[in-house]
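Marked as domain 'ABC transmembrane type-1' by TrEMBL: B:92-307. What TrEMBL records for B:36-55, B:96-117, B:129-151, B:184-206, B:227-251, B:286-307 is transmembrane segment.
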Amino acid sequence: MRRSTLTGAATLAALVLTLTACAPGGGSATSSEAGSATASSAALSTDVAAAGDITLTVWDQNTDPGINDAQEALNTAFQEKYPNVKIERVSRSFADLKTTLGLALDAPDAPDVVQANQGYPDMGTFVEAGLLRPIGDYATLYGWDTAFPAQQLSLNSFSADGKTWQGDNLYGVSQTGEVVGVYYNKAKLAELGITKPVTIEDFGAALQTASAAGTLPLEFGNTEKSPGIHLFGIVQAATLGATGVNELVSGKSGAWTDAGTVEAADLLTQWTTAGYLPTGSSGISRDAARDNFAGGGSLFYVDGTWRLSQLGEAMGDNVGFLALAPAGSTDPVTTGGVGLAWAITGKTTKTDAAAAYIDFITNPAAAAVLLENGNLPAVVPADYTPAAGSLESDVISTWNTVNETNGLVPYLDYATPTFYDTITAAVQELVAGQYTPQQFADTLQADAAKFAESR
Amino acid sequence: MVASAALVDGAAAVAPGGSVASAPTRGTRRRDWKGYLYVLPAFVVFAVFLGMPLLQTVWYSFWNWNGFGTATWAGLDNYTEIVSDPSILRSFGHSGVLIVFYSFVPVAVALMLTAILSRSPRLRGLGLFRTLLFLPQVIASVVVATSWIAIYSPDGLINQGLRAVGLEGVTRAWLGDFDTALPAIGLVGTWLGIGLCLVLFLSGVATIDGELFEAVRLDGAGLWREFFAITLPAIRGHIVIALTLTIVAALKTFDLVYVTTRGGPGSATTVPAFEAYNRAFNTREVGSASAIAVTLTVVILLITLAVSRLQPKEDPR
């Protein structure tokens, strides 16, 4: 009896000791290995056929209909061009990718190519842990460094230690461009006698006119919590301006309690109090909101250009897209950027094939495939002309304008690893009147301050 | 089950041998050793799939770690955070509210139904009612949650019903309203729990000798008298089981919240299991997530122990 108790205790102690031998994550060779891999720039090659029969495991989040079709077409074409490569595609919704990609990258059989979200929560964490390979060498080889605008490349860059976003190492290139903006019902706009709003002030006035005429001004469904970032984001972009938001999100300067942000929160509060947004928006799903707008239930709807193919199909030429400018300006400033960065993982040994694949799905030929399937490519080919008066032409011209005038501001959840959680909950509190604009701003600033301290 | 029985037997066989001053016989020893051998497979499975992860979680809870990089020692920080961070405290508070909806209400309702149903055991179609009431237990919780999203939605069944009877003013997005979201989720739990409790209680009633009922009825006892004198004492053990199962279900709630509200609006419906998941996989605070998970486990164990003390000392049969 006594001996068996002893044995039991010893076993338990041994177990605990095994566990306590090292700190979680510490002592793992991953980061140092990846670090050294970056230094050794073995001869790069664009010759995919030389790699022999290989399988490339690719994780993407291209699950929406239009982009899924494009991705499938591109994958098929790549495998036809290089019969020695088999692509194993793992496609997850954005939310699922966000929760599982980290574990996959850390696993021994990590995928070869992944779509990583920009900013501190994902890309920063991965870079810090050595889970992504810097691709500056391939960017020179394939000419990505000149094919993409500098602003786009900077969004996909980090310092080597993962501590500074928009740093000096490139970790991925993006396939698509994204702008969050306002979709509007053309017939309703004409019916109400409103001219297409240009500034945030025009937009506020249009909301008021629609409301007075008994039309729901702005459809908003926020059960999933993420639409709140977009709605608040486009308002803040117009009140704080491009530089202000960019400095704030990248942690360079400014505070979330500064005037521009509080003003945006205040506007949102005014709109909800006035009934411009549906009551109970936190109980309406984003898809239900989109469907209601598409069915003529409201004048405006805020979402990203990734809705292009769905809304275009549902509403034909009756839907337009615009981005708002700050008061007194005509240059739109809005949330957006590029789609998730296509990156090479730190653990893959098939870097040449991985780079070739990334080039294949982001080059001008790929852009044509993306356009064909109703998507906005990161770089729209100069000779491409969309049908006049179509939603596509609105989206492309907005994209080109904000790129030329540096009017893009990053997604707010890039700010800190916990920011997505903080801001999505806070927007729900704000539109329900649980937070005053100042309380809302304080909540965001508290999160940012905590992160700044830990960096 | 078999393995744990072997453990008990083995321990019983050893105990007398150990306590007796004289050396145990060889025979006892051999049996003793064999006993552990029977337990071994089960123990290995337990140790690998439950014990290790459990110890690991406890270990992680003492670190600040984002899941990838190097961790820094946090000591008890993650635990002090639980009592000092209002958002975590609130999530445990929400669990308390859910216990009422998941456990107390279903047990009370099921007891009432049992009182009525046991009075007329030859009720026609009793089997059908039992099956219908138990059905929610069989359906995957994601499906349950999705159906209730539709029922609670601004144009859902409940609001349509309210509009039909002229209560337009009461309608709202039930899962999107700060005041109603948590009770709305709780009511789904109630709906889930009633069937389970009722089936448990009815099976308890089935073990009561029918003559007992006849005897009290001859004495002129009414429905309630009969229930409190016979049925309730007889199914006390079943009530404890029902309470344990439903309270644990309330505390473990994750899927309903994840699918219906993601903890929202704001943080009106966050629960500890959701917080743990969210911190581990979304906000990358693995240490904090582990500490919440460990605390939740301890709370569940303590409450289960407390409830089990209500268990009758003797077997009612």
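Positions of Cβ are set from backbone N, Cα and C atoms, glycine also.
Because TrEMBL annotations are produced automatically, they should be read as predictions rather than curated entries.
Highest Cβ pair count under 8 Å relative to the transmembrane segment (B:96-117), across stretches B:36-55, B:129-151, B:184-206, B:227-251, B:286-307: B:184-206.
Across B:36-55, B:184-206, B:227-251, the stretch most heavily in contact with the transmembrane segment (B:286-307), judged by Cβ pairs under 8 Å, is B:227-251. Sequence-distant contacts of the transmembrane segment (B:227-251), counting only residues of its own chain at least 6 positions beyond either end whose CB sits under 8 Å from a CB of the stretch, comprise 95, 98-99, 101-103, 106-107, 110-111, 114-115, 118, 189, 192-193, 196-197, 200-201, 203-205, 207-208, 212-213, 216, 221, 272-273, 296, 299-300, 303-304, 307-308, 310-312, 315-316.
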